[in-house]
Amino acid sequence: MSRLLMAAPSRLSRELRYTRFNKFVIFNRQFAAKSTCKGAQEKKPPPKPGYFPSGGTHAIFDDLPKPQGDFMKEWKAKNSRYNMALLSGIAAFVGTLFLCISSEDFRLYYDIPDYPYTEDEMEEFAREEERREQEKEEREQRRQDRLDAKELKVRRRKAKEAMSREVELMQKDLDEGDLDESEMAELIQLTQDREEFEAYEREEMKRLAEQEKEREKIKKEKEKARQEQQKQREKERKEREKASG
């Protein structure tokens, strides 16, 4: 008990010293914060050329720009200006388009007149068009002739192969005279196929000959019409020259 009574004054004095120290620390912090706010409110002078706001010749994090003010307020103000510019541009475009369409001089080149070719140039264009049409017809005829010749060649090759088999069976029938039913049916079928091919070949050759004659006739008619047209053009040219002279 006596020890507690003796230690109480020393403990009380230590607590008083600790309380005074805390009050001093708190006062210093508040004073430093007030002085910092006052300094922040004061406008700092601009840095010297070649120096940053922190005072050094190299940038640090304190030199970076710091966000200030209300972000949403600035953002809405910028968007308002941008929207006004957009709406004014759309209104100007619509007004200009309406003015151009209502004007008679605004045609957008939808009725470009034909180039003023001369009569000789028009005749040359007509001859060139006829030549192209003739070349196109000739190409189509050659293509059709190749297809017909290919089909005839294939059928002739197959008929030749079948004929060799038919000759073999007929020779066997003459030599042995004992063809079975399958070989006899095959021989009959080969004979029928050969006869059909011979008839087809005659008809095809006849058709090709008639086709060639028809083409020659059409060619002569076209040549005659071309010569008559050429004479008509020469006559019109002479009349124009006589009228202009």
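Heads up, the Cβ atoms here are built off N, Cα and C, so glycines get one too.
Database features, via TrEMBL:
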| type | residues | note |
| --- | --- | --- |
| COMPBIAS | 124-152 | compositional bias 'Basic and acidic residues' |
| COMPBIAS | 160-174 | compositional bias 'Basic and acidic residues' |
| COMPBIAS | 175-184 | compositional bias 'Acidic residues' |
| COMPBIAS | 192-245 | compositional bias 'Basic and acidic residues' |
| DOMAIN | 62-113 | domain 'Deltamethrin resistance protein prag01' |
| REGION | 124-245 | region 'Disordered' |
| TRANSMEM | 82-99 | transmembrane segment |
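Most Cβ pairs within less than 8 Å of the compositional bias 'Basic and acidic residues' (124-152), among stretches 160-174, 175-184, 192-245, belong to 192-245. On the 0 to 100 pLDDT scale, the model's mean across the domain 'Deltamethrin resistance protein prag01' (62-113) is 85. Residues 169 of the same chain lie 6 or more positions beyond the ends of the compositional bias 'Acidic residues' (175-184) yet place their CB under 8 Å from a CB of it. Assigned with DSSP, the residues of the compositional bias 'Acidic residues' (175-184) fall into helix, strand and coil as follows: 5 helix, 0 strand, 5 coil.
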